[in-house]
Amino acid sequence: MSNSQANAGISGSTVADEPIQHHPSLAAGPVSASCPAATPPSQSTQQPPPHIVSASTADAGSSAAVGVGVVAGSEGVNLDSSPRESGDDSEDESEILEESPCGRWLKRREEVDQRDVPGIDCVHLAMDTEEGVEVVWNEVQYASLQELKSQEEKMRQVFDNLLQLDHQNIVKFHRYWTDTQQAERPRVVFITEYMSSGSLKQFLKRTKRNAKRLPLESWRRWCTQILSALSYLHSCSPPIIHGNLTCDSIFIQHNGLVKIGSVVPDAVHYSVRRGRERERERERGAHYFQAPEYGAADQLTAALDIYAFGMCALEMAALEIQPSNSESTAINEETIQRTIFSLENDLQRDLIRKCLNPQPQDRPSANDLLFHPLLFEVHSLKLLTAHCLVFSPANRTMFSETAFDGLMQRYYQPDVVMAQLRLAGGQERQYRLADVSGADKLEKFVEDVKYGVYPLITYSGKKPPNFRSRAASPERADSVKSATPEPVDTESRRIVNMMCSVKIKEDSNDITMTILLRMDDKMNRQLTCQVNENDTAADLTSELVRLGFVHLDDQDKIQVLLEETLKAGVMSDGAGAESSGAGVTTTATMAALEQLERNWSISSDADKQGTAVMYVPQEQQNADGDVDVEHSGTTSN
C-alpha cells in the first residue's frame, strides 16, 4: 500500500473502543488514528466517583483523586457528605476548559486536592472521550521556556518510561505532551488513571478514630502488594526510582487492592521554588519518609524507596507515628524507634528495622523483602488454582470474557458435585459446593485474584520492560487544540475474537473493509478503511501493528483472517454478489487462530446474499460436522 493509500486507509480509519456492558451514553465515539487507543483502566479502578470540591473552596474535609505521583487524601475526610449543593455548582465544575491536542482528553473545571506533592502544580478531573471514563489531568508549570528546555530531555526519559509500565499495583500513566502556547508559563501536561477510593493515609486515620488495630494479615497483604510494585519498578532497565513513597501516595480500593504512583518528582520538575518548599517540609518534619542520604546522593537509588517503604510499613502497623512531644510536629529518630518498640510482633519489628538501616548498602531489596519470614508463604492450592484459572493464556484466549463468566456461573452452584468418595461398605458419598465452608466467598476471591489483591510472590512476576529512547519527541501543543499527532503507542491488549467484512459500493465500486476486534479486557474496537485490488493482507496487517491498533503477536493471526476475507469477497465469484451491498464477513476466535500450525478445516457457506467464512479447528467439530458455536464463535453477513 502506498503512503497516500495508507493515509486514506487505516490511518484515517474510524476507531472505537467501547465497553460492552456500559450505558450507551458512555460509549466511545469515533477517534482519529492520530490518537490511538491507550490501554483502558482496569475494571477495579472504575468505582463510583467521590465527592470532590473545587480547589478554590477545598477544606480539610475534601476528598481526593489521584494520578501518577499525585496524592489523594486529606485529613478529616467525610465521605458521607457532598460538597455540591446545587445543580448550578455541578454544571460549573463539569465545564470543559480545554482539550488535549488529539481531542481525546477533556479537562474539566473541577479540581482535585493534591496536598503537597512536589512538582505537581495543578490537578483537574478530565474525561476520556474514547473510553468514557474519568481520568486525571496533571500540569507541571515552569517559570520560563528556558527552564523547560533544560529539563526536557530528562522529563522525556521519565515519561517515556512511565508509558511502558504495566502493573496492577501501579497507577496507570496514559499520555503526556508539552504546551508552549504561553511562553511565560510553559507547562507539561500528563494524563493518569483516576483513583477514587482515597489514600492509605485516609484509611489509617479513619481506623485510628475507631480505635481499631490493623490486623496483621491486612498489613501483610498491603506490604506484599507495595513490594510487588517496587520490585517491578526496580527491575526495569534502567531502574525506576519512585522517590516520593508515603502513605499519602499509596491508594487503596474498596476490595483491598493497593496502588502506588510512579513519578519521580525531581525528574518531573525542579526549581528554586521547589527547593524552598523542600526546606519548609524539613522544618515541619514532613521529610521523615526520606532516607538519611536523600539530598546528599548524586543519584536516586532503590535503597531510598526501601527506606520510605519501611516508614510506610511502620505507619501502617502503628496507624500513626506520634511526635516526641505535643509542642513539636517533627518526627525524629527517637520517635521512630519508640514506635517500632511498641509493635507486638517480633518479625514485624525485624522487617521494619532492616528497611530503616542507616546504611543504604545494607538495606534489602524489594524482592528480598518478599521472602522475609513474615511475608513469605507457600501459596495455597486454592490461590494457585485461581491464578491458573484467571491468568492462564489458554483460558484467556479460549473464551471471551462473557463466555468465561458464564462458564463460572455454570459450575458455581450449591448443588455442583465437587468430589465423590467411595466408602468401605461400597457406598458413595458426594461433596457438593454447599458443603464447603466459605464457598460463598469463592467468586469474590477469584475476582480479587484477577485484580491483583493476591499476587504470587514466590514466582517470577510480570517481566518489566527494557526501556529504550524514543525517536519521536513529546507532543508539543502550540494551541489549546493542535493537529500535531501524539507518539503512537503499541497495543498491549490481545485479541479474543475478530471479524472482518468487505462491502462494494454500488455507485463507485469502492471496497470498504471493516474489522471488528474484541480485546481481552471486554472492549470492542472497530476499524474501517478503503482498500483496492493492489492492497494485500500483509500490508494492511503491518499498518495495523505500526499504528498501534493490533498487538504484534496477533499480526499473523489477523493476516490470515484478512487474506481469507479478501479471497472470499473480492477474488472469488462471491465478489459479484458483493455489488448488491450484502458484503462478506469472516469471523475467527483466538482459540482457532492459535492453532494455525495444526490441522485446519475451513468451513464456507455461500448464498445469494454473500459469503461467510469461519475458522474452526477440527477438534471443535462434532460428529455431524457441525460447529460448536460456544467455542468457535458465530458468522454473520
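Quick reminder: no glycine exception, Cβ is built from N, Cα and C everywhere.
Between Ser482, Ser492, Ser601, Swiss-Prot assigns phosphoserine to Ser482; no such entry appears for the others, which is not proof they lack it.
Of Ser82, Ser473, the one with phosphoserine in Swiss-Prot is Ser473, while the others lack that note in the record, though it may still apply to them.
Record note: of Ser150, Ser469, Ser479, Swiss-Prot gives the feature phosphoserine to Ser479, with no matching annotation on the rest. If you compare Thr39, Thr484 in Swiss-Prot, the phosphothreonine annotation sits on Thr484. Checking Swiss-Prot for region 'Disordered' across the ranges 265-289, 465-489 points to 465-489.
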